[in-house]
Ligand SMILES: [Zn+2]
């Protein structure tokens, strides 16, 4: 993919950063810097320290997303799939597959290991904070524990969010794999995509009352569901 820069190679897979990342990294740094505790560093008085911690947190968040993607890739490689590259957009990574796993059980497991690893990372970080932070409260133990808390918390949210049974989240793939045990791949994709759209629609309606962000996420889920459906139909010539 153009517009992206290779930063490393792990398990022989090129790891790339998309150009949008250059905008998203400062944006996330800024968000962490203005959020009050326990979700940001607004309480820290020194401006340079505040922004450095926020930048470090944003970079470590990106490392967690990479770990999530590597979990998918590692599983896929072990079960005979192949990954051509991983591209990171910070809010999500995309593992481009040369060959998809067509055994539904393997596909479900491959989709599941990503959110599973995010949740494990989250639990380990929160447990670390709970065990070693002398004050237990994330905001009173100093900036280091605050950062551990924020990263732990976001990883758990990231893991749970990805389990929502709608494309483009991993939960959508798990759902498709579930249907694919009973019907063809295209039909299973259609069914999973329509459930994803219903989810998006409900999310959007709830968003009208709760938060603008939810409407935005709903839109992203709707586009993801339609995109996956179109892509699969295209590949199998059923458009
Ligand atoms: Zn994933």
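Cβ from N, Cα, C; glycine included.
The domain 'Peptidase M50' annotation in TrEMBL covers 57-129, 147-202. The transmembrane segment annotation in TrEMBL covers 7-31, 51-68, 75-92, 112-132, 144-164, 198-225.
Counting same-chain residues at least six beyond the ends of the transmembrane segment (144-164), those with a Cβ under 8 angstroms from any Cβ of the stretch are 32, 37-41, 53, 56-57, 60-61, 64-65, 68, 114-119, 121-126, 128-129, 132-133, 135, 138, 170-172, 174, 199, 221.
Mapped onto DSSP classes, the domain 'Peptidase M50' (57-129) shows 48 helix, 14 strand, 11 coil.
Across the domain 'Peptidase M50' (147-202), DSSP classifies residues as 45 helix, 0 strand, 11 coil. Across the domain 'Peptidase M50' (147-202), mean pLDDT in this model comes to 90.
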